[in-house]
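Here's the structure, in structure tokens; my notes come after.
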Amino acid sequence: MSTARTDDDSWEITESVGATALGVASARAAETRSENPLIKDPFAQVFLDAAGDGVWNWHSAPQLPPELIEAEPTIPLQQQAMVSYMASRTAFFDSFFLEATGAGIRQAVILAAGLDARSWRLPWPAGTTVYELDQPRVLEFKESTLAEHGAQPACNRVAVPVDLRHDWPEALRQAGFDASAPSVWSAEGLMPYLPAAAQDLLFDRIQGLTVAGSRVAVEALGPKFLDPQARAKRRERMDRIQALMARIDPDRAVPRTDELWYFEEREDVGEWFGRHGWDVRVTPSDELMAGYGRPAPAEVRDFVPGNLFVAAQRR
């Protein structure tokens, strides 16, 4: 299947890849309001309110269109499973950063920072600098929205507006990053939006910017991502939902995330870092969710991304 992407595409926060960041924020907002939240992100709803009405609000909406539930009876379970997945993913990266900075690392790099407000909501140790890299318009939306609400970062936050397909290492250095000191990195929700060659280049660049003791966490693609049956089921489901929403709410477009992804064979992320001198731990998404007490219901387990959570430390 061809992708809707181009080599130098960019987007507003309500468009293309930007809209997916709002969808993730919606899941974090729903989790934050839940009875026993795994994570607390008080800024997620702020972003949703600023962006206005859109399909990205589904996760945090009080109820879905009844016609949608009638046509897709398991969609409430699907939504809850995705909220649990996003909450588990967020908790994983939150803990990873706090463990690294607790061990003395004072430089953090968030690749494709999106709308996660870690710079504002995590208890960073004094003296920590957090570099957030993303498309300029995404960072502008985040900064202006939080500034309007009087929110102040809990660290020395440095925005690096750059496309990760361009020369972001130079932009990072120009922003003050010290490649001679240990650092901690994250690549969350990023891999499917990169071609295989761009993924390899991303890791090569991280390798060139890190020293012993540095740490990297990656949400890597699992075997299910390229599985023909899984892809066919995903397409069929999206076809049904799009057709239904076109009838009941034609002004609300349902984005096709799979048209934004690159379905290409690529090297296993854990193996890549293992070959390049890193100690690696890999946790499948179902194990991660179970470990946080958030397993997906059996009826919708196939709906949850089968991603792998890679944590690596450079020797």
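Numbers run from 1 along the shown chain.
Including glycine, each Cβ sits where the backbone N, Cα and C put it.
Note that the structure is predicted; figures quoted are calculated from it, not measured.
Now, the feature entries from Swiss-Prot:
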type: BINDING; residues: D134, D163, L164; note: S-adenosyl-L-methionine binding site
Tell me, how many other CB atoms lie within 10 A of the CB of D163 (S-adenosyl-L-methionine binding site), whichever protein chain they belong to?
-> 16
Residues that sit under 8 angstroms from L164 (S-adenosyl-L-methionine binding site) by C-beta distance, when 6+ apart in the chain | L111, A112, L133, L190, L194, A198, L202
Residues with Cβ closer than 8 Å to the Cβ of D134 (S-adenosyl-L-methionine binding site), same chain and 6+ apart in sequence?
-> A112, A113, G114, P161, V162
Give the sequence-ordered set of same-chain residues, not counting D134, D163, L164, with Cβ within 8 Å of the centre of the Cβ atoms defining the S-adenosyl-L-methionine site.
-> L111, A112, L133, Q135, V162, R165, H166, W168
Per DSSP (helix/strand/coil reduction), D163 (S-adenosyl-L-methionine binding site) sits in coil
S-adenosyl-L-methionine binding residues D134, D163, L164: largest Cα-Cα distance, in Å and rounded to whole number | 7
In which DSSP state, out of helix, strand and coil, do we find D134 (S-adenosyl-L-methionine binding site)?
-> strand
